[in-house]
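Report on the following structure.
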Amino acid sequence: MTEVVMFRGSMVAMVTPMKAQDGIRDAVDEKALKQLVEYHVEQGSDAIVAVGTTGESATLDYEEHRDVIRATVEAAAGRIPVIGGTGANSTWEAIELTRSAMEAGCDAALLVVPYYNKPTQEGLVQHFSAIAEAVPIPQILYNVPGRTGCDMLPETVERLADLPNVVGLKEAQGTVERAEEVIRRCGDRLDVFAGDDFNALGMMRVGGKGVISVSANVVPRQMHDLCAAALAGDMQTAEAINERLTPLHQAMFCEPNPVPVKWAVEELGMAGSGMRLPMTRLTEAGQARVRQAMQDAGLL
């Protein structure tokens, strides 16, 4: 692991490149993955999240999770922090994935709220407490109720903030007000990161420490600069960058993530857009919208 403990700025939720085959069991393209890591090191991303939602964690098996995280850590070679996506809707599985990420050399783990089985708030406390107690690695919790069907409330986050290994929250509930309440309750016990590019600046205005970014897959330098300016209090510069990138942020979700961003990465010639079913290639209408947003951002 690197010596970086505190996470700040633009942390790219990196795509997982795949070799287009039958769309059912397309192989991970490890060569392209390592090239992407190099790109993010060169372009100034502040950290890499491997095998998160954008990295198609839902369609990778356990061994593939481990292999993608290992390859990312190897390519990073201590030059940039690596955060491994290790969440699961089984506490035991999440512990095993998190332990594997720690052993691979990750600097932290990103743990999504358990999905589909819809635990109670007490269930969430016990779930994340068990992981924190079992694996001594910094852990960032991830609340994204639009995908999981379960919203981790601010009072629950407040209870978890005292756990020694819980260092942050990726908040993707969708409103700045939610992040502001978590920050008010938790203070400096826990850092809050935006889970959506479109409200990253708003969250940093109220005390957020950065963003786990989809757009940074294609505009890593710009997202780094936006966060650096905001965290330094230079809101004029941050607002100018944000205004220029807003159409791109919106286009990245014109169809379910990571469909648009994988197509955008392919358009830039960095990796193919192959992905596993049930995710399908970006539609022609989506391609037109993303292409226009990329042109507006000066990428094409």
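Even glycines carry a Cβ here, placed using N, Cα and C.
Features as listed in Swiss-Prot:
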- Thr53: site 'Part of a proton relay during catalysis' (SITE)
- Thr54, Ile212: pyruvate binding site (BINDING)
- Tyr116: site 'Part of a proton relay during catalysis' (SITE)
- Tyr142: active site, proton donor/acceptor (ACT_SITE)
- Lys170: active site, schiff-base intermediate with substrate (ACT_SITE)
Cα-Cα distance linking the residue listed as 'active site, schiff-base intermediate with substrate' and Thr53 (site 'Part of a proton relay during catalysis'), given in Å to the nearest integer: 12
Lowest local Cβ density (other Cβ within 10 Å) among recorded positions: Tyr116, Tyr142: Tyr116
Sequence-distant neighbours of the residue listed as 'active site, schiff-base intermediate with substrate' in its chain (C-beta under 8 A, six or more apart): Leu110, Ile140, Leu141, Tyr142, Asn143, Val144, Phe193, Ala194, Gly195, Ile212
Alpha-carbon spacing, Thr54 (pyruvate binding site) to Tyr116 (site 'Part of a proton relay during catalysis'), which is rounded to whole Å: 18
Other C-beta atoms that fall within 10 angstroms of the C-beta of Ile212 (pyruvate binding site): 29
Packing count at Thr53 (site 'Part of a proton relay during catalysis') (other Cβ atoms within 10 Å of its Cβ): 23
Protein Cβ atoms within 10 Å of Thr54 (pyruvate binding site), excluding its own: 24
